[in-house]
Amino acid sequence: MHLNSSVQQGAPSEPGAQPFPHPQFGLETMLLALSLSNGSGNSSESILEPNSNLDVNTDIYSKVLVTAVYLALFVVGTVGNSVTAFTLARKKSLQSLQSTVHYHLGSLALSDLLILLLAMPVELYNFIWVHHPWAFGDAGCRGYYFLRDACTYATALNVASLSVERYLAICHPFKAKTLMSRSRTKKFISAIWLASALLAVPMLFTMGLQNRSADGQHPGGLVCTPTVDTATVKVVIQVNTFMSFLFPMLIISILNTVIANKLTVMVHQAAEQGRGVCTVGTHNSLEHSTFNMSIEPGRVQALRHGVLVLRAVVIAFVVCWLPYHVRRLMFCYISDEQWTTFLFDFYHYFYMLTNALFYVSSAINPILYNLVSANFRQVFLSTLACLCPGWRRRRKKRPTFSRKPNSMSSNHAFSTSATRETLY
């Protein structure tokens with residue numbers, strides 16, 4: 001990707017490099033829009049002629065490659081999340097699920113689906129192919145960034161809430177029966193969406209439509225860009241990074257590590273005792289003592305699989321979201337004087353890579369999180385078989401294996417179906 005000289009930074013460059021004139025509005029204003037969005041990559045450049053200096057000259061091969069990747073992610077993500085939503089909408093399917101994990105999966109599927117439907121088409125149009133003018137009006141500009149940020153917050157918080165649900169179900173199963181009632185889970189998820197909307201409200205006042213043509217009248221100069229000062233936008237970026245990445249990542253990492261350690265201990269105890277009996281202890285006085293769970297050899301393998309899934313959840317979240325937020329924070333912590341021609345070009349290619357990873361998260365979540373719940377996975381595959389006759393025929397050819405429920409001795413009544421759900 002090569003940028004027109006009128007938008008390059010006049011910072012000190014490497015020896016032998018030709019310096020570029022400092023634009024009228026400065027590089028920082030241009031980077032604001034890039035750092036905030038999946039949208040208009042050139043939205044706040046200073047221009048003399050709207051149809052020349054606003055252009056970011058991405059080579060056609062990069063455009064085609066990014067478009068192909070986006071389309072593949074769009075198809076996989078929309079199909080996976082739509083089937084998940086359809087599965088959860090079936091009353092018969094819900095009756096076969098014993099825990100509240102399906103509420104969290106449904107909320108996550110909805111936020112991922114909205115990200116793919118709302119953000120990806122706009123980005124392909126207004127950043128990859130047509131950089132200017134902004135075609136959706138001032139209300140569309142503000143609404144786009146508001147909805148996109150709200151769905152981003154919702155996805156991150158839904159991933160964290162799912163980790164909380166799994167932690168309670170596995171490490172505190174008796175307490176979970178009380179805390180994770182259906183009504184409380186619905187209220188909790190509703191609170192997540194309300195908080196996500198409130199956190200995204202600043203975008204309604206941060207972004208707006210401006211005409212950056214030389215005379216302020218040329219229709220080709222309309223761009224969706226930050227309309228507030230640089231310091232305010234930096235605060236918005238930093239708050240977004242903390243609430244949509246650092247905070248959820250902390251919860252996910254800690255809780256999934258605790259769960260993985262618990263499952264690992266159960267596997268080791270089962271292996272040592274030979275007959276597959278493990279003891280899960282709790283420190284709560286209400287739950288007191290311990291209970292023994294007889295684990296068959298096949299279930300030991302399932303526990304190991306559960307540990308791998310938990311680690312994959314953490315790794316996927318970090319890999320897909322960390323580069324995206326690092327790219328946005330580049331604007332906050334790199335001064336105008338530090339931007340060179342090479343760094344500026346790197347930023348734009350890095351932009352495409354990080355946003356692709358951002359969408360990978362929404363596309364793989366239906367696959368990754370169906371591994372979290374064995375019961376939900378069975379219902380999901382059953383729904384897919386109903387929607388796809390070819391898939392139904394392949395499933396009929398596969399041998400079916402019956403799995404005996406885990407035996408359990410305790411002073412408390414606890415359903416074996418819930419135990420299977422808890423242990424994946």
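Using the three backbone atoms N, Cα and C, a Cβ is placed for every residue, glycine included.
Cys224 is paired in Swiss-Prot with Cys141, the candidate among Cys141, Cys151, Cys320 named as its disulfide partner. Both Val101 and Phe331 are recorded by Swiss-Prot, but within differently named topological domains on opposite sides of the membrane. Count of Cβ pairs under 8 Å against the transmembrane segment (349-369): among 103-122, 143-164, 309-330, the largest is for 309-330. Under 8 Å from some Cβ of the transmembrane segment (103-122) lie the Cβ atoms of residues 38-39, 70, 73-74, 77-78, 80-82, 84-85, 88, 136, 144, 147-148, 151-152, 154-155, 158-159, 161-162, 165, 182, 185-186, 189, 192-193, 196, 359, 361-363, 365-366, 369-370, 372-373, 376, all in the same chain and six or more residues away from its ends. Secondary structure from DSSP puts Cys386 (S-palmitoyl cysteine) in a helix. For the topological domain 'Cytoplasmic' (260-308), the predicted model reports an average pLDDT of 60. Sequence-remote contacts of a segment are chain residues at least 6 beyond its ends whose Cβ falls under 8 Å from one of its Cβ atoms, and for the transmembrane segment (143-164) they are 36-39, 101, 104-105, 107-108, 110-112, 114-115, 118-119, 122, 136, 188-189, 192-193, 195-197, 199-201, 203-204, 206-207, 224, 240, 243-245, 247-248, 251-252, 255-256, 313, 317, 321, 361-362, 365, 369, 372.
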